[in-house]
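Participant: Relevant sequence annotations retrieved from TrEMBL are reproduced here:
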{"type": "DOMAIN", "residues": "545-594", "note": "domain 'Cationic amino acid transporter C-terminal'"}
{"type": "TRANSMEM", "residues": "107-128", "note": "transmembrane segment"}
{"type": "TRANSMEM", "residues": "140-163", "note": "transmembrane segment"}
{"type": "TRANSMEM", "residues": "183-203", "note": "transmembrane segment"}
{"type": "TRANSMEM", "residues": "260-282", "note": "transmembrane segment"}
{"type": "TRANSMEM", "residues": "289-311", "note": "transmembrane segment"}
{"type": "TRANSMEM", "residues": "331-353", "note": "transmembrane segment"}
{"type": "TRANSMEM", "residues": "431-450", "note": "transmembrane segment"}
{"type": "TRANSMEM", "residues": "456-479", "note": "transmembrane segment"}
{"type": "TRANSMEM", "residues": "491-510", "note": "transmembrane segment"}
{"type": "TRANSMEM", "residues": "516-537", "note": "transmembrane segment"}
{"type": "TRANSMEM", "residues": "544-566", "note": "transmembrane segment"}
{"type": "TRANSMEM", "residues": "572-590", "note": "transmembrane segment"}
Amino acid sequence: MPISEYPQDLTTPLIVNPPNKATLTQSTSTTTTMDYSPKTQQPQKRYWRFSKQDFFPEPSFQNFSTYKTALSQTPTRLKNRLFCRSTETTELVELKKQSENEMKQCLTWWDLLWLGFGSVVGSGIFNITGQETRLHAGPAIVLSYAISGLSALLSVFCYTEFAVDIPIAGGSFSFLRVELGDFVAYIAAGNILLEAIVGAAGLGRSWTSYFASIINSDADFLRIKIDSFAEGFNLLDPLAVVILAVANGIAMTGTKRTSILNSVSSIVSAGVILFIVIVGFVHGKSSNLVPFFPFGAGGVFRAAAVVYWSYTGFDMVANMAEETKRPSRDIPLGLVSSMSVITVVYCLMALALTMMVKYTEVDVNAPYSVAFEGIGMNWAKYLVGICALKGMTTSMLVGSMGQSRYTTQIARAHMIPPWFALVHPKTGTPIYATLLTTITSCILALFTSLDVLSSVFSFSTLSIFMLMAVALLVRRYYVTDVTPKYDLAKFLLCLSIVIGSSIGATVLWSMDEKNWAGYTVTGALWLLGTLVMALLPKQRFPKVWGVPLVPWLPSLSIGMNIFLIGSLGKAAFYRFILCSAVMLIYYVLVGVHATYDMAHPDQQESVIEEGKESSNPVL
């Protein structure tokens, strides 16, 4: 197949035209996928192996000469990968062969519901609530949680439609690879995987601090200080390493076993949260809610951008789609119901806190513990501490499962060595991928302080959520060789207007400009772009479950996520740019050649031959 034709190798699902206009049709574009299965029957390989062929099996890396030949073709290969998109068949069928063994389909909607609860309800609600109530929102913190919950729920809708149609372990990586292309998926995947590893290390350090504060007033009580090390890296935290290793070790033993453990602990945690809410309402005073908006609307939105992090983690549950028994039923029920319950729980907890304590007296570091002491229930602070520790533990547990599945699909695509894609035949889990994320997060947790880790956090997660909404719109409105060029041009124009107007409104807000004329213009442009997009004919409809009110809800998700990104500060942008630059170097030197070889098996022999000729020049 000529290189120029490869970008046309897009998905070929059924295309449904608007009712009463046309019948069900199917794309006529030709899809060519690589046959990853061996040409001859091969004996079953043992799982525990370690060879160059397992890490770099592609022809471009056979020897130094073939690698030089591949590097000389970098511009052509990079151009090809920039414009190519994967297919659903490739993600669902072909790439799974790289793992050699199947992951076990053992999860139901009930498992996903509690996996979502366990991954999201961590320490954030117990720490961030006090800070944002005291400094930015006051009693209106309940509205901040509601706004962030709505934004998270919109992202859940987008994830759910993709996960139902493409139930694969790669989650957003696979979804973006199908709709927005290989390169966008790689940059997005690299950033979110980095943030997940840093987040796991941060959770480990937080666990140690919280546990130490229960038994001693010094949060560094259990850490080892090394004076010769640089500040921020001189407090070794072996306990964080232990708790991360235990959580990841449990995740490696089996998905169902881990899910059951998470469900039991999350149900117990839900009981403790119910106790906190009931006590808060019983001992609360409505007078503490006045004034409700002490910092105005600006404070509510600033707090919403911060407390949004209390909702992150559900995307890791979407990575469990490959291990779900009935994806079309279980994923919508599990994901949507868990996020809906969590939003209500967060709002009730925030309201209970502000009713128990005047917002000016809320403790920034331990809001709930101090609030219970204020009403004479000193013993309850230990209950709150245990609940927070449990939340951090299950967040690490589910995060480990999600990160390893994410890594597995990236390895299946050969963007990192395919050795990490191997699934253990007995446990049905990707042990090598889990070990990769475990070791890296443990190293970070051992040496790096929490303030340094938090400064590394970026807008990667919000960027992924925004890209997922864009990908959903692309999925609905654009199918190669089916969508007329004129309709494609109109769709791209509308999408550009939606994104541009969202950026414009965010810039005005971040500059603290009270320019209502500017907000009116950007709002009108967003409305116009979405309205015109709604009038365009859709080229694809969801097979089983879909996001309602398309394009309105995805367009709103784009706007809200861009707005929240704009609230994160310059440091987040600098980190994203720096990390993306490092990832781009790796992609140019390794990733582009490995994925190109995978997509062009017919050119493998020629690469090897060219490498041989260049290593044996004719004199």
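A Cβ is built for glycine as well, from the same backbone N, Cα and C atoms used for every other residue.
TrEMBL: automatically predicted annotations, no manual curation.
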Participant: Could you break down the residues of the domain 'Cationic amino acid transporter C-terminal' (545-594) into DSSP helix, strand and coil, giving a count for each?
Facilitator: 39 helix, 0 strand, 11 coil
Participant: In the same chain, which residue numbers or ranges, 6 or more beyond the ends of the transmembrane segment (431-450), come under 8 angstroms Cβ to Cβ?
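Facilitator: Cβ under 8 Å, 6 or more out: 47, 193, 196-198, 200-202, 204-206, 209, 229, 232-233, 235-238, 240-241, 244-245, 248-249, 251-252, 400, 403-405, 407-408, 411, 419-422, 424.
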Participant: Against the transmembrane segment (331-353), which of these stretches has the most C-beta pairs under 8 Å: 140-163, 260-282, 456-479, 491-510?
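Facilitator: Looking only at 140-163, 260-282, 456-479, 491-510, the most contacts with the transmembrane segment (331-353) come from 140-163.
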Participant: Hey, which bits of the same chain come close to the transmembrane segment (289-311), Cβ under 8 Å, at least six residues off its ends?
Facilitator: 120, 122, 124-125, 128-129, 131-133, 136-141, 143-145, 147-149, 151-152, 339, 342-343, 346, 354-355, 359, 462, 509, 563-564, 567-568
Participant: Examine the transmembrane segment (544-566) against the transmembrane segment (183-203) and state whether at least 3 Cβ pairs sit under 8 A, considering only residue pairs 6 or more apart.
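Facilitator: These two stretches do not touch.
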Participant: What stretch in 107-128, 140-163, 456-479, 491-510 has the biggest tally of Cβ pairs under 8 Å against the transmembrane segment (260-282)?
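Facilitator: Maximum Cβ contact count belongs to 107-128.
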Participant: Count the CB pairs under 8 A between the transmembrane segment (456-479) and each of 107-128, 140-163, 183-203, 491-510, then give me the winner.
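Facilitator: Result: 183-203.
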Participant: In this predicted model, what is the average pLDDT of the domain 'Cationic amino acid transporter C-terminal' (545-594)?
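Facilitator: Residues in the domain 'Cationic amino acid transporter C-terminal' (545-594) carry a mean pLDDT of 86 in this prediction.
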Participant: Against which stretches of its own chain does the transmembrane segment (107-128) lie, if we need a Cβ under 8 Å and a gap of at least six residues from its ends?
Facilitator: 203, 206, 210, 255-256, 259, 262-263, 265-267, 269-270, 273, 306-307, 309-314, 316-317, 320, 323-326, 329-331, 333-335, 337-339, 341-342, 345-346, 349, 365-368, 384, 387-388, 391-392, 394-395, 397-399, 401-402
Participant: In the same chain, which residue numbers or ranges, 6 or more beyond the ends of the transmembrane segment (183-203), come under 8 angstroms Cβ to Cβ?
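Facilitator: 81-82, 86, 122-123, 172-174, 176-177, 240, 244, 315-316, 392, 395-396, 399-400, 402-403, 406-407, 410, 415, 437, 440-442, 444-445, 448, 450, 453-454, 456-458, 460-461, 463-464, 467, 576, 579-580, 583-584, 587, 591.
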Participant: Residues of the same chain, at least six outside the transmembrane segment (491-510), with any C-beta under 8 angstroms of its C-beta?
Facilitator: 301, 470, 473, 477-478, 483, 518-519, 521-523, 525-526, 528-530, 532-533, 536, 555, 558-559, 562-563, 565-567
